[in-house]
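S.K.: After the structure tokens below, expect a handful of questions from me.
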């Protein structure tokens with residue numbers, strides 16, 4: 001009996017070591033990729049060799065850690081879905097014994113823990129540490145800046161504690177709920193993270209429909225459009241003349257004014273960019289112009305239509321079946337049954353839709369007017385803006401599994417602290433979320449595909465001068481250039 005207990009303990013120990021090793025290797029890969037991504041956008045001028053360089057380096061490592069956790073949160077649900085299907089297909093295979101339910105549960109718990117750590121500790125520390133200078137009267141240095149940062153973190157924690165306490169008293173004025181706030185680890189942090197997750201889902205509700213309609217424009221800019229009734233040689237000739245005219249004006253200025261010089265340089269940059277796009281369209285092959293672009297647009301349209309259709313079906317399921325609630329059912333477990341009606345094909349479709357929704361939400365986030373100046377630029381992004389982007393991506397990615405389960409994109413149960421959110425059990429919140437997503441997405445798509453018709457109607461009615469259907473970008477693009485020619489080709 002003692003030998004059997006020792007054997008069981010050894011097996012448990014080896015399985016835990018194997019799970020931690022796999023988690024470490026996965027996170028190491030994500031950390032390396034995140035580091036290169038941030039280095040690509042970080043401003044090169046911030047790399048000094050002094051005290052600020054150390055502070056920037058520490059903030060860079062913390063931001064990289066946060067971005068890696070965000071990537072882990074995005075990959076969490078797809079990895080769990082594909083693992084479930086693999087365990088169903090090869091239940092007794094020796095080569096996938098490391099892939100089990102314990103590893104999946106451990107990954108969910110680690111992502112939840114690291115998300116809380118980054119959101120409430122590491123990112124505030126990185127921001128305050130970057131902005132700190134040390135208290136007056138103390139010797140300047142790293143220690144003084146760390147002391148000021150810790151004091152600011154304590155004050156921030158007290159402020160958030162008070163806000164959550166007041167919110168809990170207003171929402172649920174119960175002695176038991178107020179008493180539970182004293183339990184910092186078991187109730188307070190999960191409750192606070194639940195509020196952050198709800199805010200993230202609301203942000204996704206705003207960003208994702210905008211991103212779904214914006215994806216067509218983004219892909220149209222990346223791909224080569226078909227050449228229909230266009231003479232690219234003539235357009236290149238016109239844009240070349242415009243470029244030469246601007247260069248002559250720049251070189252011929254005897255007493256250049258700073259404002260006019262900047263304006264001319266900006267015009268020259270826009271003209272060169274347009275010329276590069278036209279030359280790329282001319283060099284593209286026939287199959288790239290006439291096959292790839294329509295195929296990608298049709299694929300985007302199909303994915304968007306399937307997403308809206310799944311949300312509509314989920315609304316009907318919520319009305320007739322209580323188990324459709326994100327918190328109302330518990331599945332058979334990982335590796336016991338397929339959660340998709342179409343098996344492996346359905347699971348692959350769910351994974352594609354989850355990634356598509358995440359990319360669309362990021363595109364929609366940076367397309368919003370409030371966050372337009374928040375977009376990172378290559379080799380010209382400050383550390384403060386990098387920290388803000390990492391926090392935003394973390395909030396969006398942490399809410400992605402919750403949104404996917406709430407909208408019925410997948411039936412995979414939320415594990416760990418992701419399934420403990422109180423608002424997931426509220427029928428009216430979940431139903432309203434699904435209805436709003438379907439309505440807002442439909443309106444954005446209708447507005448996107450009917451914009452040309454609306455513009456023609458406004459021109460026919462003579463209302464085009466009121467700019468009722470033009471945004472700021474369109475109005476800027478329609479301005480005449482400095483040499484008198486119209487920029488639109």
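Going from the start of the chain as shown, residues are counted 1 onward.
Glycine is no exception: its Cβ is also placed from the backbone N, Cα and C atoms.
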S.K.: Can you dig out which of the ranges 423-446, 447-470 TrEMBL describes as transmembrane segment?
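M.R.: It is 423-446 that TrEMBL annotates as transmembrane segment.
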S.K.: Can you say which of 150-171, 216-237 is given as transmembrane segment in TrEMBL?
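M.R.: From TrEMBL, the annotated transmembrane segment range turns out to be 150-171.
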S.K.: For the transmembrane segment (291-321), could you work out the same-chain residues 6 or more beyond its ends whose Cβ comes under 8 Å from its Cβ atoms?
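M.R.: Counting only partners 6 or more residues beyond its ends, the transmembrane segment (291-321) has Cβ contacts under 8 Å with 212, 215-216, 219-220, 223-226, 349, 352-353, 356-357, 407-409, 427, 430-431, 434-435, 437-438, 441-442, 445.
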S.K.: Which residues of the chain, 6 or more past the ends of the transmembrane segment (423-446), have a CB below 8 A from one of its CBs?
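M.R.: Same-chain contacts beyond the flanks: 194, 198, 201, 205, 208-210, 212-213, 304, 307-308, 311-312, 314-315, 318-319, 325-328, 402, 406-408, 414.
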S.K.: Rank 20-38, 58-82, 150-171, 341-366, 386-403 by Cβ pairs under 8 Å to the transmembrane segment (102-130) and hand me the top one.
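M.R.: By Cβ pairs under 8 Å, 58-82 leads among 20-38, 58-82, 150-171, 341-366, 386-403.
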S.K.: The transmembrane segment (386-403) vs the transmembrane segment (58-82): three or more C-beta pairs under 8 Å (separation of 6 or more)?
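M.R.: Yes, the transmembrane segment (386-403) and the transmembrane segment (58-82) are in contact.
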